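Annotated features, as they stand in Swiss-Prot:
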- Gly8, Pro9, Met10, Phe11, Ser12, Gly13, Lys14, Thr15: ATP binding site (BINDING)
- Glu92: active site, proton acceptor (ACT_SITE)
- 197-225: region 'Disordered' (REGION)
- 197-207: compositional bias 'Polar residues' (COMPBIAS)
Amino acid sequence: MSITTIIGPMFSGKTTEFIRLIERKKIAGKKCLIIKNYRDIRYDSDDNDKYHVTTHNNIIYRNCDIMFTDNLNKTSLIDTFQEKYDVIGIEEGFFFEGVTDFSNELANRGMEVIISTLESSYKQEIFSEIGKLIAISEDVIKLKAICMGCKISDASFTIRTIESDEKILVGGIDKYQSVCRKCLNLHKRKNTLSTESEQINNQTELSEPTRQKESLKIKKRRIDS
């Protein structure tokens, strides 16, 4: 039938839009299922109360069948869904390996697929799986947040505010912010200066002439940039 993909940075309202589209299908009499990943437990208070979708501003949606999995590479799942549901919603699609092929097969079998997902990492590197998904989607809805830096401009990017090199780190406002391009560049500049300061501090083990030489190099890079 079709694939609709909702993308945008964190805090841009992707889950709110996702819930809105699912609820419209419910009102139209469609049988709907939402798939969540086991890793996404940010707003689950306990194991007995996890079968819901929750937005960042704590709107809770339960008016739909919900299942948890971390593996979409099962033909049996698609066969079961085809028999029971008209609409399949996938929350936080970037968590799932194979989400593109899975969604494509569902759509080819006559189901509607609605996916909410980040399209890129905190380093502004696109998730390759989501790039493929966008290419085969009939509809792509790109949302923007409000910049948490200047609190004026629209935000199209997500930055991580804690030190971690993990590509995917589950979290909310405690670990991430949405920012505009200007604030993104300020953030990158701040991180660069922090790294350079660490390099200068690490030069205490070098000889005095070598330390002065390295310090001059770093200062020159700052001036040139």
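The backbone N, Cα and C atoms fix where each Cβ goes, glycine too.
Other residues of the same chain near the ATP site, with their Cβ within 8 Å of the Cβ centroid of Gly8, Pro9, Met10, Phe11, Ser12, Gly13, Lys14, Thr15, are His56, Leu143, Ala145, Ser178. Within 10 Å of its Cβ, the residue among the binding-site residues Gly13, Lys14 with the fewest other Cβ atoms is Gly13. The two recorded residues, Gly8 (ATP binding site) and the residue listed as 'active site, proton acceptor', show a Cα separation of 11 Å.
Ranking the binding-site residues Gly8, Pro9 by C-beta neighbours within 10 Å puts Pro9 at the top.
Spacing of Met10 (ATP binding site) relative to Glu92 (active site, proton acceptor) is 11 Å (Cα to Cα, whole number). Annotation for the binding-site residues Ser12, Thr15: lowest Cβ count within 10 Å of the residue's own Cβ, Thr15.
Under the three-state DSSP scheme, Phe11 (ATP binding site) falls in the coil class. Only Thr15, of the binding-site residues Pro9, Phe11, Gly13, Thr15, have a C-alpha within 10 angstroms of the C-alpha of the residue listed as 'active site, proton acceptor'. Taking Cβ-Cβ distances under 8 Å and a sequence gap of 6 or more within the same chain, the neighbours of Phe11 (ATP binding site) are His56, Ala145, Ile146, Met148, Ala155, Ile173, Tyr176, Gln177, Ser178.
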